[in-house]
Amino acid sequence: MPTDYQNTSTEQWLQWDKDHIWHPYSSVLNPPAMVPVVSAKGVKLTLADGSELIDGMSSWWSAIHGYNHPALNAAAKAQLDDMSHVMFGGLTHPAAASLGKRLVDITPAPLTRVFISDSGSVAVEVAIKMALQYWHSIGQPNKTRLLALRNGYHGDTFGAMATCDPVTGMHHLFNKVLPEHLFAEAPKTAFGESATEADLANITSLLKNHHQELAAVILEPVVQGAGGMRFYGGDYLKQLRALCDDYDVLLIHDEIATGFGRSGKLFACEHAGISPDIMCVGKALTGGYLSLAATLCSEKIAHGICEGEAGVFMHGPTFMGNPLACSIANASIDLLLASDWQGNIQRIEAGLKTGLAAAAELNSVEAVRCLGAIGVIEMKTPVNMASLQARFIDRGIWIRPFGKLVYTMPPYIISNADLALLCQQMVAALAAEE
Ligand SMILES: *Cc1c(COP(=O)(O)O)cnc(C)c1O
C-alpha cells in the first residue's frame, strides 16, 4: 500500500517540511531551501526531479560503503525477519554480542568493555559518565572536570556540548546550566610532525594546575572535525597520553568521525601508537544505515566503576543494542575488513590531493589540506551557503560547507572518475563564486 507521500507532489511534501520540520542548525523564520532526495545508490543521490548528485559527504562521515549496498541490505533484511528490536535489560542477542567482540578485536588492546548506545552524542555522554563514576567509585569524587581542546566537537547534548569549543559551540547561550570545563589551545603541530614543547605548554600547565579536579581529557585524535576540520600530529597524542598518566587523568578519544578508516588508519589513535582509556565510535559504525554508537573502556575503568558505591554503571537507553543496527554494523565492519581498505584510502587521498590542488590557486582560498579520505578547502571568509550549495547542485555534486570550510569525505567506494569529477566541480563552483 503506498504511503501518503508517494501520492503527493514534491511541492506538497516540501511545503510540509518547510511548515513543520526543524533541520540541523536552521531557522524556521527564514528556512533555507531543502534539496529533495528520494533514493540513493552507490555514490549517487537521486533527487525528486530525477537528477543525480555525486555524494561528497557520506551523509556526515557515515555512508562509507555508499548507499543501498547489497551486503548491508541483506544483513538488515535477515535481521528484520528475526526481530528488529528487543529490550537489552536482562535480554541479549547474537547481533550485539558479536558486535561487542568485533569492536574489541579491532580497537587497541586495553579496551575490552563495550557500552552500545543510540548516537554519537550519547556515546560521549556515556564516556563522560564512565570517567566521573570511575573516580567517584575509587574514592576521588573531586575529579569531576574535563579538559577539552579548542576547536573540538563532541556532539549536541548537554554533557557533550560542554566539551565542544566554547565559542563555536555558543556556550554563552547556556552558561547557567553547562558545567564549566577547561579548554587547551588546539594543537598546532602539522600531521606527521613532532609536537614541540610550545605546542604542549598550554595543556601541560592546565594538567599541572588542575589535575586534582580533572576526571579526563577528551579530544578527537588527529582530525578535529566539525570544530574546524583541522589535522594534527600523532606525536602530540603520544605525549599527551604520557602526561595524562603522569597526572592521573583519564584519556577519552572521540573517534566518532575518525573511526573505521577515514584518516588512513582503522582508528586515528593508531597514528600515535597509543590507546585511550575510553573510546567513542559512531557515525560509520553501521555504514550510515542506522543510528548506533558505542563507548569502549578498559578493564580498569569497568572494574573501578562496578566495585564502587553504585555497583553498576548508571545508564541504559531504551533502544540500547538495537539488533537491526547491530547486525548492519557487523556486516559493515566485515565488508570494510574484507576489502583492501588501506590501499583504497590511499587511492582516495591521492585523488583528493590531485583534484583539489587547483583550489589553492584561487584568491578566495586560504588553504587546502587532505588526510586519508578527507579533503578540506579552507576559504578566507565564510561562504555564502545558499548560492554555493545551488552551484554545487547545478554541477551534479553534493557538498555541504559550513563557515569557511568547504570539505569532502566521500564514500570509500567512489571511483577514480567520480572522485576526479567531484573535486573538479568543487573547485569550479568556488571559482565561479569569486
Ligand atoms: C558527529 C560527532 C559527534 C556526535 O554524534 P551524533 O551521532 O551526531 O550525536 C560526536 N563527536 C564527533 C567527533 C562527531 O563527529
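The backbone N, Cα and C atoms fix where each Cβ goes, glycine too.
Just so you know, TrEMBL annotations are computer predictions that nobody has curated.
Annotated features, as they stand in TrEMBL:
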- TRP60, TYR153, LYS283, GLY316, ARG400: substrate binding site (BINDING)
- GLY120, SER121, ASP254, PRO317, THR318: pyridoxal 5'-phosphate binding site (BINDING)
- LYS283: N6-(pyridoxal phosphate)lysine (MOD_RES)
Assigned conformation of GLY316 (substrate binding site) - DSSP reduced to three states: coil
All-chain count of other Cβ atoms within 10 Å of PRO317 (pyridoxal 5'-phosphate binding site): 16
Distance in Å spanning the most remote Cα pair of GLY120, SER121, ASP254, PRO317, THR318, given for pyridoxal 5'-phosphate: 23
GLY316 (substrate binding site) to SER121 (pyridoxal 5'-phosphate binding site) - Cα separation in whole Å: 15
Annotated binding-site residues GLY316, PRO317, THR318, ARG400, filtered by Cβ under 6 Å to ligand 1: none
Binding-site residues listed as TRP60, TYR153, least Cβ neighbours within 10 Å: TRP60
LYS283, ARG400 as binding-site residues, winner by CB count within 10 A: LYS283
